[in-house]
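Trainee: Take this structure first; my questions come after.
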Amino acid sequence: MAARISIKHLIPFTTPSHFSATKPSLFSSYSASHHSKTLEFLDSCQSLPQLFQIQAHLIITGLLQVQNPSFSCRFLNLCTQHCNVEYTALVFKCIDFPDTFSVNTVIKAYVCSSVPHNAVVFYFQRLKNGFLPNSFTFPPLMSSCAKAGNLDLGQKCHGQLMKNGVDGVLHVQNSLVHFYSCCGFIGLARQVFDEMPQRDAVSWNSIVNGYVKVGELVVARQLFDAMPVRNLVGWNVMMNGYLNLNNPGKCLKLFREMALRGLNGNDATVVIVLTACARSARMREGKSVHGCLIKVSKDLNLITSTTLIHMYSRCGRAEIARLIFDQMSVKNIVCWNAMILGYCIHGNPKDGLSLYADLLSSRLQGTEKDHVKNMKQGDGDLVLPDEITFVGVLCACAREGLLAEARTHFGDMSDLFGIKPNFAHYWCMANLLADVGLMPEAIKILKDIPAESNLPLESALWSELLGSARFGRDVSLGEQIANKLIEEDPKNFWHYLLLVNIYAAAGRWDEVAQTKKRMKKRGIERTPGCSLKDLKEIVDNMTET
């Protein structure tokens, strides 16, 4: 625990009357030594309680109000580290003479928050108050627009930076390349990149990443090969590009090339390589990476251990994955899911159901249902199952033909844990019902799926589970059900979307394209707010997130 800062160290007064910021004698009595001491505490603050003590001192002495950036700027920066953005904004309002650094600090705080677009709102508000931006104002602004995916807002900020004459500054140009790349306008990103008189590693990595994001790996690789100097970030970007576009072989080939050049990877590299080994069932290469990790450090971090569990499970060695799981001193729901899914999908389903029971008994023993429903995943050491956990559990029930157990778990999702079932859960139940001869009920459960329960197709999160939730008669069963629903209601968008999901889960992309053509020919309109983006990547990425 961080040491408590005593108010005696901060305030050179002992009588209550001296705690009034309205007395002129306070500032005259504030010596240079105490000025230095306050700055020292500002620099050494490491916790929220310490920050509140310092804030009390600054308020009492009026140092937030005086035009002295050595206090206000440093304290505001501390707020961004220990407090939420709302608190930081309130502190900013207490500063009578905020300088450019202070405004930039609040903009950065908004960018790192859940409301990044408010950075732009705040910027234009400060402009009305006479704020003069500098070159460090615009990179976080462009980042906020990139996070919000708002092209119009970003172009307004682009106009602002040109108006202020900083469009020729390297880090500002890099932020423009990043922004346009994130919004999918790779042509505009390339235009900015080509017009840059100077480029650094960030410039090259940003444009390569831009082409990777839009799936143009050939151009991305050409730019990667043309880099004057390639750092680890660039290698990771390119390897991750191959991995995400379902080419783990090229990812591993590039990793070997990187290793031959004597460049050591980082944690991100390890995760990428182990994931590539998992997807391509290269356990030998994965074990080699595992061995290197053990030589470097016996204590693997949470993310690396979880990725190893996934890799061994995908390669059919759930028993090795379990050894890693049991050795982990700290476990979150992601690693629990990785091990449960490893059993339920790639190993022995009964072991997966047993581990799920262990999760409940170790964390929820003796709790009441109403209490469980109000608990949150981040409450202390509490680990509760989530929607991913239940896909694994329902998959295990389907593989074992455990209809009664599946019904119980399906009910527990909403009744006990407050989790709304989505397409993957309904799909598992439909497979199980059909396999035990209850075809009418299987059709009904898919027919009655609530529209809001459909998977977020813009995410690659669900594919492995959709692909693995195909049992018994495999994809032909789902195809039969979906086509029957389309026959009954040929104008229903959701029935076509079900068929697209089924084909995508099976990797039958020609049929995905044909179904979309059939929809277009029949004039089937997509529902507002829904995307028919291909589920490519969905079958391999679920447990890797």
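Placement of Cβ uses the backbone N, Cα and C atoms for every residue, glycine included.
Automated prediction, rather than curation, is the source of TrEMBL annotations.
Remember, predicted model here, so these are calculated numbers, not experimental data.
Just lifted these from TrEMBL, have a look:
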type: REPEAT; residues: 200-234; note: repeat 'PPR'
type: REPEAT; residues: 332-366; note: repeat 'PPR'
type: REPEAT; residues: 492-526; note: repeat 'PPR'
Trainee: Please give the average pLDDT for the repeat 'PPR' (200-234) in this predicted model.
Mentor: 94
Trainee: Count up the helix, strand and coil residues in the repeat 'PPR' (332-366) according to DSSP, in that order.
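Mentor: So the repeat 'PPR' (332-366) is made up of 30 helix, 0 strand, 5 coil.
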Trainee: Is it possible to list how many residues within the repeat 'PPR' (492-526) are helical, extended or coil according to DSSP?
Mentor: 27 helix, 0 strand, 8 coil
